[in-house]
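K.L.:
So that we are looking at the same thing, I have put the structure below in C-alpha cells.
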Amino acid sequence: MTETKFTPRVFSGIQPSGNLHLGNYLGALKRFVDMQGPEMETVYCMVDLHAITVWQDPKELAHSTRELCAGFIAAGIDPEQSILFNQSQVPEHAQLAWIFNCVARMGWMQRMTQWKDKAGKNQQNASLGLFAYPSLMAADILIYHATHVPVGEDQKQHLELTRDIAIKFNNDFGVDFFPVTEPVIEGAATRVMSLRDGTKKMSKSDPSDMSRINMTDGADAIAQKIRKAKTDPDALPSEIDGLEGRPDARNLINIYAALADQSVEQVLADVGGKQFGEFKPMLAELAVAKLSPISSEMARLMNDQAEIDRILARGAERARIIAEPILRQTYDIVGVVSSARG
Ligand code: ATP
Ligand code: MG
C-alpha cells in the first residue's frame, strides 16, 4: 500500500443492469467481502445512474437495484459495517461528475475500450451518458476520497482515467485534494470469461443467458450451463503452460480455482490429465455448493423489500456525511459560489 495523506478507504460499485453473475461475484463481490473489516472503511454502491447509460426498463431497474442490494448482503456485506447504498440517492456523485466532465478531455474518453465495445459501430447513436461514464465513475470514487478500488480487470482502464482526472484536477487548481487511487485487481478470477466464448468477458448485458452463471440460477441451470460450456477436445494439462492458447479451458480452471480458494497451480496438479467430461461435473458441484447458499439468502431478503429500502436509505445518509463536505470543498476550490448543501 502506498503512503498517502489520505485515510485508507475502499469504494466500489456494481450496476443494477441485469442479473448478478459469477464474474461479478468472483471479480468484485467476493473481494468486497474480503476487504471488509475493522481496519478499513468500506463503501459499496449500486450504481443505478451508470445502468441507465443504456436503456433500462424502469420497473426492472428498480427490481434489479433491490436484488443487487440483496446480493451484496447475501454474499457477506454487512450494511452496518460497510456503507451500502444506491448512487442516485447521493446527488453529490452526479454533481462532482459534472466538474470532472470539465476536467477530463474528449480524447481520454474516446480511448476507453468499454465505450468502444458498448457503443459498437453506431457511436453517433450512443447516449452522451455512455460516453461520459468514466467521468461519473471517477466521481463515485473521488467523492469519498477513496484510496483503494477493488474491481475486475475490465475496469483497469477506467481506474487509470480516474487517476488522470485526480492528477489534472490537482494540477489545474494547484491543490493536493484528490487522492491518486490504487486499483486492487487481484485473485484467480479478475476476468471471468463467457461460457460460450473464452475470449469475451462474462457480462450482465450479454444477450445469451447461456454465456453466464447467474447468482439466481438453481443447481440444474448451473449444471446445464457448465455441461454446455465451450471447451476443446484435449485433456486438462498439469501445468499452467499447458493452458496457453486454450482460453475456454483456462476460464473453467480459473473459475474452479477462485471458487475453491486455491491457486491455479494447485488445481492443475489435482485435475491434470482429466477430460472435460470428468472435470465439468466437479466444477458444477463446486459452483452449486458455493452459490446456492447465496442465492437462497438473496431470495429470502427479497421477501422484505421495505427492509431493503430502509437499508439503502440509511446507507445513503451515511454516504452523504462523507460526500457533502468533499463536494463543498471542491466547489470552493473551483470557485463556484455555493451554500452549505449541494
Ligand atoms: P454490464 O454488462 O452491464 O457492464 P457487468 O457484468 O460488466 O455489467 P458491472 O456492473 O459493469 O458488471 O461491473 C461490476 C463489477 O464486476 C466491476 O468491478 C467489474 O470489473 C466486475 N466484473 C464484471 N464482469 C466481470 C468478469 N467477467 N470477471 C470479473 N469481474 C467482472
Ligand atoms: Mg461492465
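Yeah, the Cβs are placed from backbone N, Cα and C, and that goes for glycine too.
Positions annotated as ATP binding site by TrEMBL: Gln15, Pro16, Ser17, Gly23, Asn24, Gly152, Glu153, Asp154, Val192, Lys201, Met202, Ser203, Lys204, Ser205. Taken from TrEMBL, the feature motif ''HIGH' region' covers 16-24. Here TrEMBL flags Asp140 as L-tryptophan binding site. Positions annotated as motif ''KMSKS' region' by TrEMBL: 201-205.
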K.L.:
Looking at the binding-site residues Gln15, Asp140, Val192, Met202, which have a C-beta within less than 6 Å of some atom in ligand 1?
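P.N.:
Passing the 6 Å Cβ check against ligand 1: Gln15, Val192, Met202.
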K.L.:
Around Met202 (ATP binding site), how many other C-beta atoms are within 10 angstroms of its C-beta?
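P.N.:
Neighbour count, Cβ to Cβ under the 10 Å cut-off: 26.
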K.L.:
Write down the Cα-Cα distance for Asp140 (L-tryptophan binding site) and Met202 (ATP binding site), rounded and given in Å.
P.N.:
24
K.L.:
Using a 10 Å radius around its CB, how many other CB atoms surround Gln15 (ATP binding site)?
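P.N.:
A count of 25.
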K.L.:
Note down the number of other Cβ atoms within 10 Å of the Cβ of Ser17 (ATP binding site), including every protein chain shown.
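P.N.:
I get 21 for this one.
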K.L.:
Counting only residues 6 or more past its boundaries, what in the same chain has a CB within less than 8 Å of a CB in the motif ''KMSKS' region' (201-205)?
P.N.:
15, 17-24, 54, 118, 154, 191-195, 211-213
K.L.:
If I restrict to non-local contacts, at least six residues apart, and a C-beta distance under 8 angstroms, what lies near Glu153 (ATP binding site) in its own chain?
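P.N.:
Listed in sequence order, they are Gly27, Ile185, Thr190, Arg191.
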K.L.:
Measuring Cα to Cα, tell me the gap between Val192 (ATP binding site) and the residue listed as 'L-tryptophan binding site' in whole angstrom.
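P.N.:
Spelling it out, the Cα of Val192 (ATP binding site) and the Cα of the residue listed as 'L-tryptophan binding site' are 24 Å apart.
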K.L.:
Around Asp140 (L-tryptophan binding site), which residues of its chain at least 6 apart sit with Cβ under 8 Å of its Cβ?
P.N.:
Phe11, Gly13, Cys45, Val47, Gln87, His93
